[in-house]
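Pulled from TrEMBL, these are the features on record:
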DOMAIN    32-110  domain 'tRNA(Ile)-lysidine/2-thiocytidine synthase N-terminal'
BINDING   Ser37, Gly38, Gly39, Ala40, Asp41, Ser42  ATP binding site
REGION    100-173  region 'Disordered'
COMPBIAS  110-130  compositional bias 'Low complexity'
COMPBIAS  131-150  compositional bias 'Polar residues'
DOMAIN    175-274  domain 'tRNA(Ile)-lysidine/2-thiocytidine synthase N-terminal'
Amino acid sequence: MSADPLFAPAWQSILDQVRSVWSPNRFREVGIVVGVSGGADSVCLLRAIEELRRGRAGQGDPPARGFVIAAHFNHGLRGENSDADQDFVQQLAERRGMRFVTRRAPNATSANVNAPDANSANANAPDASSTFNDASGSKSSSRFTATKLASDTPGEQPERRDVPPVSDEASMSRQRMAFLTETAKQYGARYITLGHSRDDNVETVLHHLFRGTGPAGLAGIGDVRSIESDLVLMRPLLSVDRQSIRDALTQIGQAWREDESNQSTLYTRNWIRGELLPLIQTRYPGAVDAVSRAIAGQRQWRSTMEQLAQDWSHERQISDDPAVFHRDFGDDQGTVILAMQHLWRSSGWPRGGMSGQHWSRLADCFISAKDERFSLPGEIDVVARGSQIQIARLPTPNKD
């Protein structure tokens, strides 16, 4: 009798890593939205969550009462291959008994934009020939239906036509996150989960470093982040390297999709992954491990600083609306900056235009005796007089 592949060592190691950061007792009874591109990392996360929710027969685990949604955002940048990714994720979700939800980006290209209604009896959409990684980890030829789902097909959310098409990394990430957040709210999910790996974290930190990030940017991607009071973002695979994920999927016979655009160095992250890191590793073979250790240390620093910033706000803040603070000329600039960044997040103020110089100027007025008034990006008004500072967003002028 052959051994159960789900007991394979590489797969069990993945499950142990997820358990160590996210106990199944916390998510078996609630809803989870899993962002699934079809790539190895997100497919691994979906399968791991499924198994950990289900538990093992004979161990006394009660049936899980929550739900899992496989959510796929189709950017449509790769024509029929993008459609094939969507079909792959849908078929995977259906085989595993999960709900599938998708959205196509506005003006996305498709191999079958004018395809007939997928629900009609005479629908005869062509197939999209593509490649995927089979259970052995090698690329195999496969054909996935590339029919564009009808707008009223269950599982597909309407296209957002008020947003222009985008292809840069940051904008695509925002599109995906907005879609996942809306899906979680619509279905009442408690968690959104993403399959970022340790390699993703290292690449992110290097990207931040080259862009001139501050200390917080060197802390990398967090494994837990509160989106709202009842919605949490989890990244349970951040301690797992990319190759271990692929080895685990191979051991359990689970296929995944490969995005050929990941080979294009037009995207900065791809260049870091495909060219820079391999070059660094020729001189420093343990570079990824070393950067990962540095990230861990930086995260500890970040946690300590955030606690100091929280304590500072509790001691200094007089009122919330408008935000008024006592100023103390002996305050630490770094602590003040973190506290101000938290104020921006909690107030929903735009941060895109805030540079390091803006944050430093704001912090400096807390540790200065100077009376002044100035504006910051996003129509933020700062008034420093005597021992107090008031920070408020100016009302939007009425265009009528």
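Glycine is no exception: its Cβ is also placed from the backbone N, Cα and C atoms.
Neighbour density at the Cβ, taken as the number of other Cβ atoms within 10 Å, is lowest among the binding-site residues Ser37, Ser42 for Ser37. Ranked by how many other Cβ atoms sit within 10 Å of their Cβ, the binding-site residues Gly38, Gly39 place Gly39 at the bottom. Apart from the site residues Ser37, Gly38, Gly39, Ala40, Asp41, Ser42, the chain places the Cβ of Val36, Val43, Cys44, Gly195, Trp256, Arg257 no farther than 8 Å from the centroid of the site's Cβ atoms, the recorded ATP location. With a cut-off of 8 Å between CB atoms and residues at least 6 apart in sequence, the same chain places Gly195, His196, Ser197, Asp200, Leu237, Arg242, Ile245 near Asp41 (ATP binding site), listed in sequence order. Counted with DSSP, the domain 'tRNA(Ile)-lysidine/2-thiocytidine synthase N-terminal' (32-110) comes out as 31 helix, 18 strand, 30 coil.
Neighbour density for Ala40 (ATP binding site): within 10 A of its CB lie 25 other CB atoms from the protein chains shown. For the domain 'tRNA(Ile)-lysidine/2-thiocytidine synthase N-terminal' (175-274), the model gives a mean pLDDT of 91.
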